[in-house]
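**Q** Sharing a structure with you now.
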Amino acid sequence: MKTTKGGKVMNPTDAYRKQIRKREIKRNKKERQKVREVGILKKDPEQIKDQIRKLDMSKAEGALDKARKHKKRQLEDTLKMVVKKRKEYDEKKKEQGEATTSVMFSHLPPQRRLTGEEDLKPEDSVYYHPTLNPTGAPPPGKPPMYNSSIGLAISSDGASSSSAALSSITESEDSVLVNPPPLPPLPDGDNALSASLPLPPLPPLPPTTGLTLPHSPFPPPPPGPPPKEQDFVRPPLPPPPQLPQSSQPPPPGLSGSQGDGRFPESSDFTFDNRMNANITSVPLLPPPGIPSNESESRPAESNASSFQNANLSKMVAPPPPAPLHQQHQSTFAGAAASLTNFQPDVHPPPGMLRFPPPPPPLDMHPPHPGMFVGHLIPRPPYGPPPGPPPMMRPPLPPGPPPSSFQDGQAMIRPYVPNKPSFVKSAAPTVVRRPLAQHTPELTSMVPASVRVRRESATVTKPKPKTSIASSLSFTPRAMASAATVKVEPAKTSAASKPQSIDDSYTAFLEDMKALGALDG
């Protein structure tokens, strides 16, 4: 237990605080002492010697007073302390094995040599190197250090060996860095080759898919289901009004004998030959009214021609281009088999092509929808390609494009001529002149006392009678002033309403006339 100076027991908290305060004071004392030492070490002994030399010169002249003597004594003591502290600092650094180049000496100029010969030898510098630093210049922020003055064990050989080691390391690093440059083009070339390899197979992929799609359902379907599937697929679509007529079987006039001389021979027979080779799937599409294969091929050709005429006139909702190319590259049997798979997605219902109905040939009736659908897809080259050309319209007249509503209403409402574009708003062409009281040309000669604001411009008042003024016009000038004084009350009594600016101006003129101002 700690006690105070009076012998009282201290509070443990106060005792602890007092102990901490003692430690802090001791630490601050050491820090201040270090700061003093650093300040002494930073002082340049050469400057102190110059100041002492100046004081000695003034002493020789006999101008050294008591204050200067005291200053000289302080400078001598400071110089001794600086030399002593520097020696202690150098010895301490040597014992610790550290270089004496510290930040505290960075502000000092280079130390003077006792002889000029040592200044001419850069080999004595610690930073000397025969190739990297032949002049022995110190790095920025550090003072020049020499082996002769400080007595360091570091020699130029050691520095050169260390620098040689550093140079060898840098050379090895350069050699390591030189090897990688040829490596980057190799992976780039590999990537280019690997990127270019998958590109060539991409173009042949569509024909392979086009060939595989029709051949995948190559086995013929059963005789009964295909028409039923068509029936099941078509009811969800909106049936056109002519669908019952198209569902009827064609008349017996359509036969192979009638169709022999109707169409010239062409490349369609290639499709017919393929159809005969794969006849298992073809006779299932038409109804039992169609007799033979030849009769099937002929109406198919006529069907293709009707489809061509329909495309030339107007085509509505053409099939997508991708399935058409695939079907054109495939065989007829594969096309007939793939028709059952792509019919709900590719081919429109039989009535859609007839909206609006295309003009059929003169000597041919509309065939069965099943027969028409079977030969529509494998023969697209005979019609125009799908796209904007079949949907072209005649050039529109100049002006805004007519809408469907305007086209419908154009036949109902009568024609109303448009208003001429030159008609503008009926603005007045006559510029209104300003009032007389607002024009300076008219009111420049009127005195300010007479310029009374017109309260109501619309109110017009009759002019007062001027009989009295005319009767007084021939009176002597001595009596004119009295007459004018009498006229004013007469006017005010006669006119109960306020006078206008015109009345006041006429009264002013009459007064001037009565005074003789207007006499010639």
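Any Cβ shown, glycine's included, is placed from N, Cα and C.
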**Q** Look up motif 'Nuclear localization signal 2' in Swiss-Prot and report which of 52-59, 284-291, 404-411, 412-419 it refers to.
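**A** Going through 52-59, 284-291, 404-411, 412-419 one by one, Swiss-Prot gives motif 'Nuclear localization signal 2' for 52-59.
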**Q** If you check Swiss-Prot, which stretch out of 16-23, 432-439, 464-471 is marked motif 'Nuclear localization signal 1'?
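**A** That would be 16-23, the stretch labelled motif 'Nuclear localization signal 1' in Swiss-Prot.
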**Q** Among 71-78, 135-142, find the range that Swiss-Prot records as motif 'Nuclear localization signal 3'.
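**A** Going through 71-78, 135-142 one by one, Swiss-Prot flags 71-78 as motif 'Nuclear localization signal 3'.
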**Q** Suppose you look only at the motif 'Nuclear localization signal 1' (16-23); what would the mean pLDDT be?
**A** 94
**Q** Across the motif 'Nuclear localization signal 2' (52-59), what are the DSSP residue counts per state (helix, strand, coil)?
**A** 8 helix, 0 strand, 0 coil
**Q** Any residues 6+ beyond the ends of the motif 'Nuclear localization signal 1' (16-23) with a Cβ under 8 Å from its own?
**A** 2, 10
